[in-house]
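Student: Take this structure, written in structure tokens, and hold onto it; I'll ask about it next.
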Amino acid sequence: MLAYLPRPPTDTSRYGTFPQKPELPAAPGAPAEDGWQQAGAAATKRTSLMRNYPSLPRRGGIVPSEPSLPPSRSSPAAQLRPSDLARRSPAAGACWYPLQALSVPNFPSSARSKTPARSAAVPIPEGLQGRRRKLLEEDGPVVQASKRQRQRYVTKVGKCQVNLGNIQEKKRFLSDIFTTIVDLKYRWFLFVFMMCYIVTWVVFGTVYFFDAWARGDVGHRGDPEWRACIENVDGFVSALLFSVESQRTIGYGSRMVTANCAEGVILLMAQSIVGSMIDALMVGCMFVKISRPKKRAQTLIFSKNCVVSRRDEKLCLMFRVGDLRDSHMVDAKIRAKLIKSRQTAEGEFIPLEQSELNLGYDTGEDRLFLVEPQIICHVINRRSPFWDMSAESLRREQFEIIIILEGIVEATGMTCQARTSYTEDEILWGYRFEPCMSLEKGAFRVDYSRFEMTFEVQTPAASAKELHELKELERQELSTLSLYWDHLLQPCAP
């Protein structure tokens, strides 16, 4: 459960010793116009938002540049080298981070260098450098977190990784014996199937043998004057054969119940009724177990990764789902759950809290006509739990997205449910799915070899909240400039 808590920040550039640009006080001078003051404040706030945008990691360790957010070449931090920045004194007006931020350095695995950072104040011996580098590489918190195997709530094939234990009232399972037998594994199911018949054969065979022995039929076998209750039963094996022949209605004719005793007729009637009940139960369980919708769910596939990119100027989380059979799902519906642990304001720890992800429930987009692979989209808006999550914070978070697809099997009319899950490591920021449909010979053809393929697109690494704030600032700036321009043109009007 603790695996779903957020990871510690891994970006060392935010905790390094690089000085920040000092805030210069406003120079005294002539008061500017109100319009220009508001525009300048909006531009300053927008610049601060753009500076806080995290970089977007891509595959292979390449960090692409964002065309809409160019770095400033005139800033002091851009002109100085890291060695020059390390030699600068705090008295130069730079803003320094506290020293405890550097007590346990947290290097990302992609940016880890074999050469340790050399302190300018205290020289470190070469042997101590090697020991320090080894400790940082082996015992770092990021490396330890990567070595630990992540425990999933639901596997990729849809199996729930939850084990129930310490159940006191196990008799509840016997009240629903049909579901209990169907849920058994095949080896135990076949064992129960065989034992139901074997036990009834042995029990009734024992009763037949005891009745024949008590009436004396065993000792008078072959006596033409003896009126036997069960003919040709002279031992337990012959009584067992008679039990099997009676329950399975084989009837070879050598052994049979006569009208000389009433208990033989009653036993035969009881065995026929019990045999019919066992046939109905076991054959029904076998049919249901073979035709379970769980097997139909194996032909419903999901993409291995989720992607985050823009669609209609909105940041969206998307994945792909497809059906491999020609017999389609009827009334297919899809929904998503976010599994994440959190701590409330009162200090209560909620393990594996489930929250709903909107996949178009209010607009009906969650109801699918699943005849071809479809891309399911979750719009990241104010009601989304990913509203303030950027590409950088996504790497620090730990959560799991459960996808549930439900529908009715067209062939049998039974409800089917397919499940899968995505962790934060399986979400690709700045990617989009490739099309897998084409028109051939008057029909649409689906190429499932392209089902998992994605391609890279230009996507801001900022969160949806920051993008929304930046858009609002640009809108306010444009409105302020337009009002000031109208104010300047008003005296010139006739």
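We number each residue from 1, going along the chain as drawn.
A Cβ is built for glycine as well, from the same backbone N, Cα and C atoms used for every other residue.
Keep in mind that TrEMBL annotations are predicted by a computer and have not been checked by a curator.
Here's the feature list from TrEMBL:
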COMPBIAS  23-33  compositional bias 'Low complexity'
COMPBIAS  71-83  compositional bias 'Low complexity'
DOMAIN    154-293  domain 'Potassium channel inwardly rectifying transmembrane'
DOMAIN    300-471  domain 'Inward rectifier potassium channel C-terminal'
REGION    1-85  region 'Disordered'
TRANSMEM  188-210  transmembrane segment
TRANSMEM  265-288  transmembrane segment
Student: How about long-range neighbours of the transmembrane segment (188-210): same chain, 6 or more residues beyond its ends, C-beta under 8 Å?
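Tutor: Contacts of the transmembrane segment (188-210) (Cβ under 8 Å, skipping residues fewer than 6 from its ends): 181-182, 230, 233, 235-236, 239-244, 246-247, 264, 267, 270-271, 274-275, 278, 281-282, 285-286, 289.
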Student: Per DSSP, how many helix, strand and coil residues does the domain 'Potassium channel inwardly rectifying transmembrane' (154-293) have?
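Tutor: So the domain 'Potassium channel inwardly rectifying transmembrane' (154-293) is made up of 83 helix, 6 strand, 51 coil.
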Student: Taking only the residues in the domain 'Inward rectifier potassium channel C-terminal' (300-471), give me the average pLDDT of this model.
Tutor: 91
